[in-house]
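Colleague: Below is one structure. I have some questions about it.
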Amino acid sequence: MAMQKQQLTVVVRVRPLNSGEKSRKAFQCVFPLDKKRVLLVDPEKFENNILRQNRQHERKFEFDASFGATSNQEDVHETTTGPIIDSVVEGFNATVFAYGATGSGKTFTMIGTKDRPGLMTLMTKTLYEKLDNQYQVLLSYMEIYNEIIRDLLNPSGGDLELLEDERGNIRVPGLSSVKAPNLTRIMQILQEGNLRRTQEATMANKTSSRSHALLQVMIVKNQSLHSKLFMIDLAGSERASNTQNRGIRLKEGAAINRSLLALGNVINSLASKTTKFVNYRDSKLTRLLKDSLGGTAKTCMIAHVTPSSSNFEETYNTLMYASRAMNITNKPMRNRPASADQVYAEAMNAIRKEVGSQIKNSSSITGLAARSSVQERSSSRNRPKSISRNSSLTRAAQPMPIDRGRGGSLFTQLKEQYMTLSDKQKRLREKLMATNQEAYSLEMSLISKNAIINAWEKHHHDKTAESIERLKKDGELQRVRLVELSDQRTKVEKALRKGEENASGLESRMRSLASTNEQREVVKLMVKMAEIEAQKISALSDLAIRGLIMDRTDTSIAKLQKYEMVADKLIDGKLDDNDRKKLEEEYRVIKNQFHYHLLPLKNIQTTVSWNSMLLPKIINNNNTIIIEDRLMSASKKKSEISLPLIANGREKYPTSSAESTTDDDRVNSPVTERLPTI
């Protein structure tokens, strides 16, 4: 089951200054402003350089979360990686990786210490607490050292290769998987792997990681893979001038920088709206992260920076890459159990066998026809011209095995065309669903805006207000967008109807060509799958529309609670004149906000989506429900909400439900008749 596109979760963590940086008289240049923003100050700001006075020395960055020097491991886990564990239990793949320069605290965050365990320990502990006995946990731990993959749980296994299967999935053959029956065993496995990881001291970091460490947690349910969780501690980028590395250490740093450069290029390509090709093959690290960056996994990137002014360039580059990574979108997809696709897989295997046999038959028949035509051409040279003219009649009078071969190949071609057309219809329905959601949301927003504008113009003929003018401009932009969505809906629905006609024609031709029971079953299965896919997308569209209504209802309830709280304070009466005056003003503002925010919900007649309107019928076990009947029955159910109308700060209660909806509450837009009625 696919979800909507989601952006990468990107957070930044700033470590405190260490003793070495303080001894070099380095000062702090990175300041967390709040829970999301950080401020980067260029050290040149404090230098008396006349040539750089007009240069911008401060820059703000905003991420999904930011953590300062006083944050602990539990804060980072609860804010960033805690929600990911819930998704892993639900069946989604997920990835968490630490990014940053050497010595910025990546290993501390991911692995931690004995007293302060890192995210690998905290995440596996949380994951194990949420699993029951029907799940089985398998752990794999590897490192990428100088572009060589090593198994940290089986050091004697030698170097491993990175391969890609026929479905495009990345595999590491020979990588050991260890069962983790309890939390104690998980901690033991992590400790063993961390002790075998390559670490050496440099001038920039006394415990510098010289390799990328990847912990893979696989959750197995009913003997099939349920989900996977990757936790990655990347080696830090480094400058030879800062680390003063020589010999082997220098080669290690070059390999680390090369893989991180490939990762940076991938991030730039995915964040760019113009680049279509993304090169994952420059490094084994990027190939392993292919599904995490721009793929189907939920991904969290934790960028680490040092606040020291001596590392300003590295900090700036890290923050820039993290900012670009926020533009990357994934499409998380829940893993399907093997049993769910068994029927489809068996049908596809039957189709492949049939196609193979048809290809063999057609190739053998083509070879016979070619040999016979050569013999005829060679013999025709020695024949009289009158006989050679009648050679075509002689060939036409032969038996018809060739026609059977052509019929079989034509049936295979029609099947491929039908499957391609089904995929195209699916994409069109998904596009129609997104258009429907946007139009429905704009329509509800436009109802509130028009009601506010009409009420203002009704009671303030000669006055203008900046907020009202801004509302008018926003409303005009929304009307233009609604017109565009209406045109888009017309084009998509026209393409869908044309596709249905083509699919019907292909179905009838395949049924006429089907000569065996297997072929007839294949046609029946493909048609049924196309119908189920259309019904599934229409159901998702209906749920999305109801979700928009529920979100607006929740917001209205929150405004109502605030309205009641202010009203209780006024009724209590223990206020002086100034406080009462301010509270009365706040009361009127909240009351108007609540009223206008609730208007789109007062007359909702149906939540049937555009995709459902296109379905001819939905067949149940005992009855058939026509879509038009659903629309007619839904139009009879009106909301009985009757709220006071706001006029000059006073409430007017309507005498009947019909009077509760005035002309001021209605919207006249180009797509009003095409949208589900509000």
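Residue 1 is the first one shown; counting continues down the chain.
Cβ coordinates come from backbone N, Cα and C, glycine included.
Found this in TrEMBL, in case it helps:
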{"type": "BINDING", "residues": "Gly100, Ala101, Thr102, Gly103, Ser104, Gly105, Lys106, Thr107", "note": "ATP binding site"}
{"type": "COILED", "residues": "411-438", "note": "coiled coil"}
{"type": "COMPBIAS", "residues": "366-377", "note": "compositional bias 'Polar residues'"}
{"type": "DOMAIN", "residues": "7-328", "note": "domain 'Kinesin motor'"}
{"type": "REGION", "residues": "366-408", "note": "region 'Disordered'"}
{"type": "REGION", "residues": "652-678", "note": "region 'Disordered'"}
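Please situate the listed features within the shown structure.
Modeller: Cβ neighbours within 10 Å of Gly100 (ATP binding site), excluding its own Cβ and spanning all shown chains: 28.
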Colleague: Residues sitting near the coiled coil (411-438): Cβ under 8 Å, six or more positions beyond its termini, same chain?
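Modeller: Distal contacts: 351, 354-355, 358, 481, 485, 488-489, 492-493, 495-496, 499-500, 502-503, 506-507, 509-510, 513-514, 519, 522, 526, 529-530, 533-534, 537-538, 540-541, 544-545, 548, 609-611, 614.
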Colleague: Neighbour count, 10 Å Cβ-Cβ cut-off, for Thr107 (ATP binding site): what number do you get?
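Modeller: So the number of other Cβ atoms within 10 Å of Thr107 (ATP binding site) is 25.
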